[in-house]
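> First, the structure itself, so that you have it in front of you.
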Amino acid sequence: MAGKHEGSGEKTLYCSFCGKSQHEVRKLIAGPSVFICDECIELCNDIVKDEILDDHSEAQDKLPKPMEIRKTLDDYVIGQDVAKKVLSVAVYNHYKRLEHGGKDNEVELDKSNILLIGPTGSGKTLLAQTLARLLNVPFAMADATTLTEAGYVGEDVENIIQKLLQKCDYDVEKAQTGIVYIDEIDKITRKSENPSITRDVSGEGVQQALLKLIEGTVASVPPQGGRKHPQQEFLQVDTRHILFICGGAFAGLEKSVSARLEKGGMGFNAPLKRRDKEATAAMLMQNLEPEDLVRYGLIPEFVGRLPILALLEELDEEALISILTDPKNALVKQYQKLFALEGVTLEFRTEALRAIAKKALARKTGARGLRSILEQILLDTMYELPSMSGVKKVVVDAAVVESGTKPLLVYDDAAKVDMSHPA
């Protein structure tokens, strides 16, 4: 019963769940012909919180092993075998550290943040995204080039944590076990080895600000994405257990390694000049030292907080062809599905795939440029196809990619073929 009249004629309201009157509780909230008191709300919150903690505990129990992590990465990312192995071990150790961090007071495990070095389009971002999806943890991505020191026009480094909170509906506990990927980290290197009077608001200063987040601090974040002001209550997010993955191309870094090895009399300089890019990348993995990154422009403290290094190789033609067709979410499969929704089969001939890969290599965009090439060659067909009838297959060959001719259209009537395409 929601309420009844007392002697004064005033109607007394009761909680529909526990039966307490409005005089026995601090607050009674009304809904459509139903009431709930603050005590019942608190009880409901406790029940939901316990269920969330149980789910989190269950997820931790199912932490995939390094070989299982690697297998999942293989499903979505082509090549980069060494980087996958490094990432699989680092991520596994990080979440095992979270799981057992408070159970043994004798040895404290340091956080293993990761630095990915590789050219544009080599798979750095995709690797980080795939790891977060596999582990079912919040994932946020930031571009280091947009970050500035606090007080300057630009994006505050603490906005990164705000993005992470947004991905998990401002669940602080969940956000504190998430993964943050910071791209273009090489673009915030110190502009010169000697500090100058001019303020470097997007270089060393940003490294100093990021350093606090990466090594572990309690960040104050405005709730629900609001702007900061003095009277506002902030959400407190502990970043000690957030895994930070930083990525960058670090163009020219091999010159620093080469100069150091030559200076040390190790005789690596001449072979380095003769080797192709793949061999150079392999040599870097074996010989890159923290001092090379410091000489490049990262401050020593920042390098020290990124102890795990994974080097990604530049993708060759064969790797780009595999990226087009092999992964679970391969681009060719995605476009074939789009065409299938129109009841049409999309076919790419082998020479067309090779031509697409060559065009991406020429643009020096790696795998990142593949989608724009596909969109360009299929745009007119995707525009016209919904208004056409009788088409059962679209065939893309090398001429479509290289010369810009239209794809071959095959109709239900086998004799009727689009004659605008050369035989």
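Glycine residues also receive a Cβ, built from the backbone N, Cα and C atoms like all the rest.
So Swiss-Prot says this about it:
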DOMAIN    3-56  domain 'ClpX-type ZB'
BINDING   Cys15, Cys18, Cys37, Cys40  Zn(2+) binding site
BINDING   Pro119, Thr120, Gly121, Ser122, Gly123, Lys124, Thr125, Leu126  ATP binding site
> Specify the count of other C-beta atoms within 10 Å of the C-beta of Thr125 (ATP binding site).
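There are 16 such Cβ atoms around Thr125 (ATP binding site).
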> Sort out for me which one of Pro119, Gly121, Gly123 has the most neighbouring CB atoms within 10 A, since those are the binding-site residues we care about.
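Counting every other Cβ within 10 Å of each candidate, the maximum falls on Gly123.
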> Return the average pLDDT for the domain 'ClpX-type ZB' (3-56) as a whole number.
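A mean pLDDT of 79 is what the predicted model shows over the domain 'ClpX-type ZB' (3-56).
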> Express the distance between the Cα positions of Gly123 (ATP binding site) and Cys37 (Zn(2+) binding site) as a whole number of Å.
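The separation of the Cα atoms works out to 52 Å.
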> Just give me the nearest neighbour of Cys15 (Zn(2+) binding site) among the binding-site residues Thr120, Gly121, Ser122, Lys124, Leu126, Cα to Cα.
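For Cys15 (Zn(2+) binding site), the spatially nearest of the binding-site residues is Leu126.
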> Given the recorded Zn(2+) site (Cys15, Cys18, Cys37, Cys40), which additional residues of the same chain have their Cβ within 8 Å of the Cβ centre, ordered by sequence?
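My list of surrounding residues reads Ser16, Phe17, Gly19, Lys20, Val25, Leu28, Phe35, Ile36, Asp38, Glu39, Ile41.
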> Please classify the secondary structure at Ser122 (ATP binding site) using three-state DSSP.
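SS state of Ser122 (ATP binding site) = coil.
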> Sequence gap of 6 or more, Cβ distance under 8 Å: name the residues on the same chain that satisfy this around Leu126 (ATP binding site), in order along the sequence.
Tyr76, Val77, Ala367
> Taking the centroid of the Cβ atoms of Pro119, Thr120, Gly121, Ser122, Gly123, Lys124, Thr125, Leu126 as the ATP site, which other residues of that chain lie with their Cβ within 8 Å of it, listed in sequence order?
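Going along the sequence, the neighbours appear as Gly118, Gly247, Leu312, Gly366, Ala367, Arg368.
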> Quick one: Cα separation, Lys124 (ATP binding site) versus Cys37 (Zn(2+) binding site), in Å?
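Just about 51 Å between their Cα atoms.
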